[in-house]
Amino acid sequence: MEDRRRMDYRVQRQILDEGEVDELAHKDDSHFPFSERVKKSVRCSGPRLKKALFSTIPILSWLPRYPFKEYAVGDLISGISVGIMQLPQGMAYALLASVPPIFGLYSSFYPVLIYFIFGTSKHISLGTYAVMSVMIGGVTERLAPDSDFMTWDNVTNATLIDTVARDAERVRVAAAVTFMSGIFQILLGVVQFGFVVTYLSEPLVRGYTTAAAIHVIVSQLKYSFGISPDRYSGPLSLIYTVIEICYLLPKTNIGTLVVTLVAILGLFLAKELNAYLSKKIPVPIPTELIAIIIATIVSWQVDLSGKYGIDVVGEIPSGLQPPVFPDVKLFAPVIGDAFALSVVGYGIAISLGRIFALKYGYKVDSNQELVALGLSNSIGGIFQCFAISCSMSRSLVQESSGGKTQVAGALSAVVILFITLWIGTLFEDLPKAVLAAIIHVNLQGMLKQFMDIFALWKSSKIDMMIWIATFILTLLLNPDLGLAASIAFSMLTVIFRTQLPKYSILGRVEDTDIYKPLDGYSKVKELPGILIFRSSATLYFANAEMYQEALGKKEQHDNEEPEDIAVIHVDPEPNPSLPQAIILDLSPVNFLDTVGVKTIRNIRRDYGEIGIEVVLAACQPGVVDNLEAGGFFNEKVTKSCLFSTIHDAVLYCKSARSRNQRENDKEELPATHF
């Protein structure tokens with residue numbers, strides 16, 4: 001740093017306007033017709049075909065070069081560890097989706113294999129995810145409510161629910177919305193729409209997942225207390241559900257509550273032990289697997305279902321389901337939910353994928369990730385899976401246990417296949433309260449995100465507002481509508497920031513060609529006779545009028561009675577309090593619409609009428625193109641009023657002022673008599 005401060009440099013060159021710079025740099029103004037660009041994009045060659053094939057099916061590029069000796073052991077241990085985690089989580093998250101637990105295992109198998117072929121992230125663990133599952137559950141219970149499957153039992157003279165028919169219909173609904181979400185993701189990926197995730201800022205995602213965690217917790221309270229509240233849908237359904245649960249609390253099944261509390265306490269202590277031993281053991285203790293094994297054995301031996309009325313998982317069919325194309329009639333009712341699922345699932349997966357890619361120095365293709373997730377969901381929907389994404393907890397286990405590639409993910413799918421074919425039926429006596437406890441404990445990480453509010457308060461008040469607004473909107477409007485409303489609110493904050501930018505007068509740092517705002521630096525001096533004006537935002541229709549008004553106020557800041565910039569009175573003598581030149585620093589401006597171009601043209605015209613020259617500095621190439629397209633240049637206004645740097649503009653204004661002064665002095669000299 002000291003050496004860099006001692007270094008100095010000198011550049012001797014002429015003052016260059018934008019036109020001279022274009023000529024000096026040989027600007028290329030050639031424009032290819034649209035038809036030529038289309039022909040070039042569809043032109044095929046051997047190398048291009050190979051590149052397209054490898055980018056579309058990434059496994060072809062990395063699997064033949066897989067370093068077996070270096071990676072095989074780590075991927076094997078990682079795959080087994082993640083597969084063991086997938087078992088309890090898949091069954092638990094199936095409850096969130098309101099489908100039988102076996103379909104959670106299917107969702108941990110088929111999509112993982114598809115992503116293994118088409119995905120570009122090496123470390124994320126694809127499968128069931130709490131937020132996605134609760135969104136699926138909202139759809140299945142809305143389109144297949146219990147009330148549609150009520151039957152009258154003549155023996156008991158009571159109304160019963162045909163759970164077999166209900167579950168079958170809910171599986172069809174879940175498969176349909178999953179298939180549609182996959183189609184949306186594929187289409188977005190094909191049209192290179194991966195940048196859509198940029199609209200999901202980190203505060204928005206974290207506020208959204210925190211609110212979704214609350215929805216998940218509330219949805220599992222019926223299993224924790226052993227009660228049967230009515231299902232509500234639409235805005236404020238969470239509030240109605242909480243009220244209903246509070247009303248039903250006196251009917252709590254004490255046995256179910258005891259199982260829930262014991263499971264939560266045991267899982268929490270086990271996770272704390274895992275955290276304590278994380279640096280001492282290479283693979284975490286499979287606490288959730290141990291919990292469901294113990295709970296199943298106790299339930300089987302004690303007969304918790306028969307003696308205490310504790311709800312258990314029930315029949316788990318062995319083997320895999322044959323592929324069935326989703327019911328086309330269900331596509332229309334779920335199209336909105338499917339789009340929300342596609343965006344949320346992709347946003348979570350790409351965010352986590354980029355974190356690992358940055359850590360390990362490889363690239364994640366955002367558009368290919370959309371295609372990979374879309375294929376995983378669409379093909380998974382045909383095999384009666386529900387929508388998936390990646391899990392933070394499983395991804396961390398996959399990484400920390402030695403996983404290097406998606407071979408670990410494929411091996412975890414093999415573990416699930418083994419369980420599904422031969423072991424699944426052993427968990428039929430597992431209490432659902434234990435699965436609910438697993439969900440509650442797994443969500444503690446999301447609930448810790450409430451601490452973001454205090455950190456954002458210190459760093460960015462607007463980001464804090466986005467977090468809080470997203471949380472409240474998602475809580476009240478449900479995850480689907482809440483996401484749309486949260487994105488709209490986030491976009492409004494961007495518009496709000498561009499409408500209230502910071503306007504500054506720049507001065508020169510002594511003995512340099514660097515220009516900084518006068519109100520932020522004590523060693524910055526204003527240039528006499530030259531006003532350098534900058535806005536911190538781009539210039540477009542929403543803030544063009546404010547830009548012009550702010551310039552008028554800054555230009556007249558020394559006057560006691562500011563004038564309206566829109567009406568300029570031309571005096572016979574120039575006002576000495578006004579600057580002789582104004583430089584508009586457009587470096588923060590990344591585009592100009594027609595209103596912005598018109599505003600700059602009006603500023604030049606109005607100030608020119610009172611003898612103040614206005615020049616533009618630090619224009620980006622796109623802004624220059626906008627000026628040309630907007631008709632800013634003509635025979636009188638050329639690129640000679642544009643300068644690449646503020647310093648060039650300052651030197652030009654000084655030289656112009658000197659020329660004008662010399663001309664004025666000549667006019668005032670007395671006539672010479674001979």
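Keep in mind that glycine also has a Cβ here, set from the backbone N, Cα and C atoms.
Annotated in TrEMBL:
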- 93-118: transmembrane segment (TRANSMEM)
- 173-195: transmembrane segment (TRANSMEM)
- 256-277: transmembrane segment (TRANSMEM)
- 289-310: transmembrane segment (TRANSMEM)
- 330-358: transmembrane segment (TRANSMEM)
- 370-389: transmembrane segment (TRANSMEM)
- 409-427: transmembrane segment (TRANSMEM)
- 464-496: transmembrane segment (TRANSMEM)
- 520-653: domain 'STAS' (DOMAIN)
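Just going by CB pairs under 8 A, the stretch in 93-118, 173-195, 330-358, 370-389, 409-427 that sits most against the transmembrane segment (464-496) is 330-358. When each of 93-118, 289-310, 370-389 is checked for Cβ pairs under 8 Å to the transmembrane segment (173-195), 370-389 comes out on top. Sequence-distant contacts of the transmembrane segment (409-427), counting only residues of its own chain at least 6 positions beyond either end whose CB sits under 8 Å from a CB of the stretch, comprise 75-76, 78-80, 82-84, 86-87, 90-91, 101-102, 105-106, 108-109, 112-113, 115-116, 125-127, 292, 296, 313, 316-320, 398, 403. Within the chain carrying the transmembrane segment (289-310), a Cβ under 8 angstroms from the stretch's Cβ atoms is held by residues 84-85, 87-88, 91, 226, 253-256, 259, 263, 266-267, 270, 426-427, 429-431, 433-435, 437-438, all 6 or more beyond its ends. Looking just at the domain 'STAS' (520-653), the mean pLDDT is 82.
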